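Novice: Below, the features straight out of TrEMBL:
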TRANSMEM  45-67  transmembrane segment
TRANSMEM  127-145  transmembrane segment
DOMAIN    138-272  domain 'Fatty acid hydroxylase'
TRANSMEM  182-212  transmembrane segment
TRANSMEM  331-352  transmembrane segment
DOMAIN    453-615  domain 'Very-long-chain aldehyde decarbonylase CER1-like C-terminal'
């Protein structure tokens, strides 16, 4: 929202929320009526392109979003090296509003101008007219309108909404109040109306012109330099006819320079070109290599989780992941296709995010595999090869710590990372499975006055550490699985064994669980508190019980570039396994934490609190 919102700031369908697409119902109903009454042959090309062109524009924009986020996470050619936060993602959530608006206006124009119904597929002379009218009147009028928007009266009421995004994403280009978009539409309609008036309009001419506008808008706001220098060396005048992402980024950081739409020509004429434009272009093109201090290695979970990655759909990634959301299932064909492509062509981990905590630089890498693949016996070796490749890559780049998230540290897969430590005893990068801090978070979430707990877990080292710590406190730990009970009891010191009890009769209301099925949940007494020790959340089957989060903590305010949720966790909450790697790097701990090795629980917890990480709950 602008600092002092003026009239017509909000979009007409703002209050409809996600139901705003219903505004296109008249177009759909019109088309359905024509098909039912006269058949498909009654649909002319002008009408037939209205809805498909809107869909293609949305896909085009989404490709730019993913490309930009991927490149700014991994590329050395990023322009503005600052973070994006949740407020920007929320502000830019309605990037498709302008697409809906254009679709409605084109439909209205179709109804109002019968002549366009006979337009051909292509007219070369019409395309030439469109290019000439855009280069002259449109670019000229936009330049002066844009300068007017920077006058304090209009800026505070309208254009400040757009400039709230100093670090731009492709969709930042279309984030404007409704009134601004009305003016922009009028400007961009001039070439189209000119061809209609001259009688050389064509369907592909209109679609191509709009695609050009979208492409240039997205490119100018993508925040990484991708226009190669050789283009300007071959044809030097091109620097006046096409802007670069670094050229427009200066407008968002300096505000009073580089006003041009797509052609810097008018900034040169009216002396408003930023003097550092060429220098920034050269430095961005050259780039700066960056070595992260920490890499967190994760993977996709189920098919739809690909959309939840930071490089996926921004609005979905900014909310905790839920595979039950209705819109996730509408995308399952693409999700299935992306899974198959990742399985076939995914030969290495890829970067999905960059984070900073003061001077420490972090990246998250994702293994191109899904949960179900980790459970396939024949996939274990290929997956371990991918993890090994990521570890060696991090080691070669000088990364200090690599933390293994989700199933990348599964005991049955690689022994909590021990496989790689034994295979490469001279590794410089420290391998961290995060078990010490995860154990600490679970222990701190247990009420201090608890006398009895029910332990429903396997024999993981986190389960063993929790059982040992609770028995040391004098808390009675009750189990009902005989085999696991005897395995744990054999590893607990003699003076603590009396607190470990095997019983199927009495079950307390505090359950510490790993994996638990529906029938086992139904056995829990009313009011049970479930505390998971797994990285994966429990299925919330019981409304009369309380389900606590998987081991996680709130991150400090100093942590920047956080604009997506880590899987199913709330905003600005990070899993204990991820935080453990950060602490390892911050503290300079030299030991690996993998296999049977575990960081001291209290030492891990104290370090987390000291560095500003906060518990989600108070015991």
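Just so it is clear, glycine is given a Cβ too, placed from its N, Cα and C backbone atoms.
Any TrEMBL annotation is an automated prediction that lacks curation.
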Novice: For the transmembrane segment (45-67), name the stretch out of 127-145, 182-212, 331-352 with the most CB-CB pairs under 8 Å.
Specialist: 182-212
Novice: Using DSSP, how many residues in the domain 'Fatty acid hydroxylase' (138-272) fall into helix, strand and coil?
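Specialist: For that range the per-state counts are 94 helix, 1 strand, 40 coil.
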Novice: Limited to the domain 'Fatty acid hydroxylase' (138-272), I'd like the whole-number average of pLDDT.
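Specialist: Here the mean pLDDT over the domain 'Fatty acid hydroxylase' (138-272) amounts to 96.
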